[in-house]
Amino acid sequence: MLLPLLRRLLQLVGIVLAIAVLDFILLKSLPGDLVDVIASESGSVTPEYLAELRRLYGLDRHYLEQLVAYIGRLAQGDLGFSFRYGEPVFGLVLDRLPTTLALVGAALTLSVAVGLLLGIAAARRPHGVTDTLISGLSTLGYSAPLFWIALMLIVLFGVKLGWLPIGGIRDVSARHSGWRGSLDVVHHLILPVATLSIYYVAVYARLSRASMIDVLTEDYIRTARAKGAREGRVIFGHALPNAVLPVLTMLGVQSSALLGGSIVVETVFAWPGLGQLSFEAIKSRDIPVLLGVLLFSAVLVVLSNLLVDLVQMWLDPRVRRPRTASAAEPRARTEQPGRLA
Amino acid sequence: MTCRHSDHGENRAGTDGVIERAPVVDRRELFGLGGALLAGGALGSLFPREAHALTEAPVPAVENARAGGTLDAVVHPEPPTLAFFMNTATPTRAVVSKIFDGLVDYGPDLKPRPQLAESWETSADGLTWTLKLRKGAFWHDGTPFTSADVQFSAEVVWRRYAPTAKRIFQYLTKVEVPDAHTAVLTLSKPTPVIINALDVVAAPVLPRHLYEGTDIPNNPYNNKPVGTGPFVFKEWARGSHIRLERFDRYWQSGRPFLDGILWKIIPDVSGRANALETGLVQYGERNPVTFADADRLAKSDKLVVNKDGYNGFAGWLWLIPNLRHPILGQLKVRQAILHAINRDLLVKTVWGGYATPATGPVSSLLKTFYTPDTPQYPYDRKKAEALLDEAGFPKQADGWRFKLNHDFIPFGDDYRRTGEFVRQALRAVGIDVTLRGLDLAAWTKNVFAEYNFDLVSSWGINWQDPQIGVEQHYWSKAEAKGTPWFNASGYARPEADKLLEAAQTETDPARRVAIYHDFQKLAQADLGLLNILEFRWFGVWDARLRNVTNTFNHSQSNFAHVWFEQSA
Amino acid sequence: MRRWYLQPSILVGGATLLAVAGAALAAGTLYPDDPLDMVGAPFTWPGTEAATPLGTDLMGRDLLAGLMHGARISLLVGLSSAFVSLLIGVLVGATAGFYGGGIDATLTRITELFQTIPAFLLAIILVAILKPTVVTIVFALGVTSWTSVARLVRGEFATLRERDFVRASIALGAGDLHLIFREILPNAWTPVIVSTALLMANAILSEAGLSFLGLGDPNVVSWGSMVGLGRDALRTGWYMTAIPGLAIVLTILGLNLLSDALHGALNPRLRRSRS
């Protein structure tokens with residue numbers, strides 16, 4: 001158990017390095033640089049000033065030299081400096097991380113819980129009325145683009161009904177603090193979380209329905225039933241721990257898509273998180289920030305996959321052995337392309 | 001031979017419905033030169049040769065104002081930085097102008113109003129400028145403001161960083177400070193434009209005690225500025241808000257009236273409309289909402305939608321033709337392009353009526369310098385087709401005459417739609433236009449660094465003087481490959497250069513205006529830029545907010561005179 | 001047992017997709033002019049003018065014309081970028097699964113590397129590098145969504161390679177290319193086919209997302225760009241957002257229903273063939 005952990009951590013270092021090099025080359029091929037953006041926005045600049053900025057930002061050096069300097073700083077744990085924001089990248093990313101985590105964390109927690117329950121309810125009688133309803137609705141939820149759900153929710157709850165705030169993270173003029181401040185944030189969270197949840201609930205309901213149906217046909221469930229175990233105990237005690245495996249795998253897979261998915265939602269709801277930060281960074285050619293976000297998300301993905309593996313080992317002893325066909329099968333369903341938008 | 005600004009003595013009904021009494025200012029004329037024709041003050045802003053001595057009553061005067069209330073305002077997009085002395089982006093101007101005062105400010109008539117400079121005078125040869133600086137002004141950290149700050153700013157900041165000052169003060173040779181409240185600027189050539197370029201952003205004044213000897217572009221105070229203006233910087237939560245609070249030791253006693261300004265960052269345009277409508281914010285500058293929403297909000301009696309207060313921010317939209325291009329290099333083709341575009345319809349459909357067709361590079365809002373008497377190219381599709389035929393580009397078998405790329409400036413959907421409009425208009429006369437949706441960095445690099453474009457749509461600001469906002473697009477010596485907003489079309493015409501250079505040093509205001517009139521005629525005949533339309537920016541604010549438009553540019557006004565009517 | 005293709009989900013999904021394809025085909029005949037042309041008064045609500053039954057947008061462009069021409073872009077982008085991802089995914093997955101060992105390890109690492117980069121972010125970066133045109137968007141979406149196919153195919157190849165019929169071919173001296181393309185690939189198609197519909201759905205959604213963010217091809221009408229444009233008029237004309245969005249939902253729904261049905265229909269055989 002310790003060895004794979006160590007191997008994973010080593011792998012992490014390799015991935016971080018590879019991502020850094022790959023992304024650096026990729027980002028350097030973006031046409032124009034930060035100085036072009038600053039010059040364009042500013043409306044009036046002088047050539048000398050532009051040259052000075054490029055020298056200051058190190059953009060006048062050969063890009064291999066820049067790459068070596070970047071890797072060198074990275075080795076010392078320095079993510080670089082954003083000249084756009086006048087702040088170290090680490091602080092900038094750390095600043096936005098909780099905002100994104102709040103949004104995505106709330107949405108995922110809600111979605112996994114609701115999705116599992118719906119999936120279980122649907123799996124109990126496949127093709128019954130409940131199942132048809134749940135499956136139909138989740139296919140619908142699975143089919144709508146996030147940005148469109150967001151806009152429709154804004155029209156309904158923000159514009160027509162006027163119940164909920166449609167953007168931002170808090171009401172800054174009210175200057176709430178303490179629990180009222182938290183309540184204010186929660187109020188602002190409702191619409192973006194609802195947007196993400198409509199999609200994720202659908203994903204997890206579909207997934208857990210399928211895996212629950214699979215598990216419910218297995219021998220040990222039949223044995224449990226034959227022994228006269230009550231239905232609730234069969235489902236939550238025997239079937240669920242195994243049925244939850246693909247859901248966990250999906251969570252791991254989705255951790256990388258989270259950032260992508262949150263770009264549109266954060267943009268629509270003016271939610272100052274990592275998605276918005278990275279989108280702005282692309283547009284303004286703020287390469288260190290973009291690299292920082294990409295590295296952060298890579299680490300996040302690797303760590304969450306590691307966590308998922310650990311939980312799986314704990315939940316299902318079979319995973320420790322070479323995978324059998326039946327254990328691989330529910331996994332295969334999660335091998336479907338991840339949603340981008 | 002006296003130049004009294006008689007119009008300052010009139011009572012003017014402010015656009016907000018408040019009667020403002022003009023200040024009682026004693027103006028002594030120091031160097032009588034101006035002709036009688038100028039006595040009316042119509043060309044007042046052109047008079048470098050006069051001194052203002054403020055005896056009482058702050059400018060602009062405000063009556064019956066009530067103090068109190070915090071203004072929640074919206075700024076968009078989020079300022080990239082608050083280092084306004086290097087990056088003069090418009091949102092940066094909006095925020096920083098409340099924190100810093102300039103040497104002078106300008107009224108709606110674009111005439112200078114004393115701010116940190118109480119008065120100014122020029123020597124007869126135009127080579128020496130003496131600024132009498134305000135006593136009793138403080139930086140927000142309590143340090144007194146003195147001539148040393150101006151000297152430092154002029155010698156270091158203007159010369160090396162501030163983009164406008166760098167051009168305007170190119171002939172500045174030395175700055176002397178005979179006492180703590182006098183600064184004497186010496187020039188090697190007369191520079192009459194200076195009087196129109198002393199505002200807070202064009203000629204920034206920074207606190208010497210916080211900047212001298214530091215790495216200025218990385219100075220920690222760049223993003224937590226310490227200024228002399230009516231509002232003190234408190235915090236900037238990126239992506240959320242910028243909080244300013246009233247400066248209690250502001251040099252104008254009793255001002256500012258507001259307790260503070262909270263700039264909220266709302267990137268989404270419908271979010272801004274919602275915030276204004278629900279009263280979450282009470283002020284939005286420079287087209288804060290879509291034109292459709294502006295019309296809708298204008299119907300509310302709680303809100304004001306107003307186009308005033310932007311005479312010093314006269315924006316205009318143009319197409320840059322790449323004159324190096326074998327087809328666009330032909331005058332007839334450029335004339336045809338203008339004839340092909342129905343600019344009235346463009347104003348109506350894309351700009352929601354918040355614009356007006358342009359007659360030339362100088363906006364009609366810049367009254368002093370504007371002349372409508374220039375060659376015009378009204379919408380006439382037949383004429384456009386005829387011109388293209390004449391130029392030797394008949395329609396081919398496939399229905400097209402030739403292909404062009406069009407790169408619209410990626411500053412938002414209005415510009416994208418303008419690009420789409422131009423595409424449709426030119427396709428209608430047989431020019432196969434392809435839009436290239438470049439982002440800002442790629443667009444900037446293509447247009448200004450590589451001249452890799454056919455036709456570009458973009459915009460600029462006249463500012464208070466054509467020399468500040470128009471010259472660089474037409475002057476062949478302004479061409480500086482790699483530097484945005486400088487002559488990118490490749491226009492180089494000795495006659496135009498001669499006029500522009502003459503205006504730079506012409507000390508007679510009337511002659512200077514005449515030169516710019518000639519220039520506008522030439523510019524419209526040569527079509528180095530295809531001038532399309534003048535913007536009519538609008539602001540939206542709470543009906544209780546007073547005195548917003550009493551300025552040359554309320555996106556860059558210090559708001560010391562703005563106040564809330566509390567009761568309503 | 002009912003025939004699998006008579007399931008309601010296949011019928012509904014197929015009918016929806018046929019309707020979308022029909023709209024795309026008919027667009028050129030019904031609306032031969034550029035759908036970006038302004039043809040009527042702006043802000044015409046649906047059902048108020050006979051000439052523009054679905055109304056006009058804030059520049060006076062016909063929503064129905066845009067919708068039909070947009071169907072072309074959506075289907076084109078969906079099909080072509082699904083093809084690109086299949087191509088890359090099958091090549092990478094087949095190579096890795098067939099050869100195993102060091103090649104497998106390297107390719108698997110590369111696949112994992114791509115999986116740690118948020119795909120949508122990567123697509124945005126690629127479009128920004130290559131400048132937005134339909135072709136570059138197809139490329140960007142294809143290049144960012146092949147990893148799942150690669151992993152699927154690799155798994156299939158790794159299993160099938162050890163099967164008797166493959167071993168028999170090897171014994172007969174068959175070359176690698178013959179083994180890969182003639183022996184194994186035909187037997188590994190099933191999971192790939194199932195995920196194709198999903199790949200298409202994702203590509204259409206991603207294209208809409210890119211266009212919504214203003215990163216689409218400005219010379220063509222796309223459903224995403226229509227939603228993005230309508231967003232400016234959310235308060236005065238929400239129909240401009242709702243209508244093209246609904247078109248996306250219906251198309252994706254059709255693809256998802258189809259994919260589900262295929263999955264259900266092909267999977268039992270998949271299991272049978274394996275046992």
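Each residue, glycine too, has its Cβ placed from N, Cα and C.
Look at TrEMBL and you will find A:97-312 tagged as domain 'ABC transmembrane type-1'.
Among the features that TrEMBL reports, transmembrane segment is placed at A:9-27 (among others).
Per TrEMBL, transmembrane segment is recorded for A:101-123 (among others). Within its own chain, the transmembrane segment (A:101-123) has Cβ neighbours under 8 Å at 130-131, 134-135, 138, 185, 189, 192-193, 196-197, 200-213, 216, 235, 240, 243-244, 247, 251, 254, 258, 262, 265-266, 271, 273, counting only residues six or more beyond its boundaries.
Look at TrEMBL and you will find A:144-166 (among others) tagged as transmembrane segment. Within the chain carrying the transmembrane segment (A:144-166), a Cβ under 8 angstroms from the stretch's Cβ atoms is held by residues 187-188, 190-192, 194-196, 198-199, 261, 264-265, 267-269, 341, all 6 or more beyond its ends.
When Cβ-Cβ distances below 8 Å are used as the criterion, the transmembrane segment (A:186-205) is approached by residues 102-104, 106-108, 110-112, 114-116, 118-119, 122, 134, 137-142, 144, 146, 149-150, 153-154, 157-158, 164-171, 247, 250, 261-262, 265-266, 268-269, 271, 339 of the same chain, each at least six residues removed from its ends. What TrEMBL lists as transmembrane segment is A:186-205 (among others).
Only residues 6 or more beyond the boundaries of the transmembrane segment (A:289-311), in the same chain, are considered here, and those with a CB under 8 A from a CB of the stretch are 4-5, 8, 11-12, 15-16, 19-20, 23-24, 27, 70, 74, 79-80, 82, 84-85, 89-90, 92-93, 97, 248-249, 251-252, 255-256, 258-259, 274, 277-278, 281-282. As annotated by TrEMBL, transmembrane segment applies to A:289-311 (among others).
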